[in-house]
């Protein structure tokens, strides 16, 4: 007896669940509550890198919409055709034409939602990638790009446009360099006399000499530096500190001329 009662309860519960499912199905299949078919996908790296990634889902959606539209077109019991059909045949033809036109307008209003992913950045997912791949196939390119191409910053797709590159800096020409100062004979004589007196000028002495000769302080400073370098290179005499460091192996910058080296050899 207990087993029979348990089986009867199971049958009643199944019947109640079937009734609830049958009551919910018309709501889900209503035109206002259009439910898209859901497909479980395995998001492995191999699947994502394939060119046909995301195309199957959109194909199922278009098939569902086509089947749904065909059912509506072949539905004989329409509220508008049933009411007008009892009056005049001409009006029936006009009403069927207007109703079909309204359905076409609804379909056209739904169609612009598909190519929206073509103009937006394609890093949103498989749906945007599938729409882009379909558009490429329609244009006749015959090239399928995988999903990861649209998530890279520098992609070779045509929609990315020309790449912006930083302009290269022009190499400094010789004309941009500061020209050498052409000293007059009087200025050279005065500079040589000052150099013989003291090879190193103080700041005050350099300022006064610049005012007397009509030169810049930097010009006088550079002339003195060059003059000291020439004498040092010609004489080959090393500084005492340099000799001390060379003895310890801490200084090996040779400042002697090639002639001195050849003579020593």
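Start at 1 and count along the chain as shown; that gives each residue its number.
Note that Cβ sites are derived from N, Cα and C of the backbone, with glycine treated the same way.
Swiss-Prot annotations:
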- 176-235: DNA-binding region (DNA_BIND)
- 1-17: compositional bias 'Basic and acidic residues' (COMPBIAS)
- 65-74: compositional bias 'Basic and acidic residues' (COMPBIAS)
- 75-86: compositional bias 'Polar residues' (COMPBIAS)
- 103-119: compositional bias 'Basic and acidic residues' (COMPBIAS)
- 125-142: compositional bias 'Low complexity' (COMPBIAS)
- 1-30: region 'Disordered' (REGION)
- 65-142: region 'Disordered' (REGION)
- 155-180: region 'Disordered' (REGION)
Residue distribution over DSSP helix, strand and coil in the DNA-binding region (176-235): 44 helix, 0 strand, 16 coil
Overall pLDDT for the DNA-binding region (176-235), taken as the rounded mean: 86
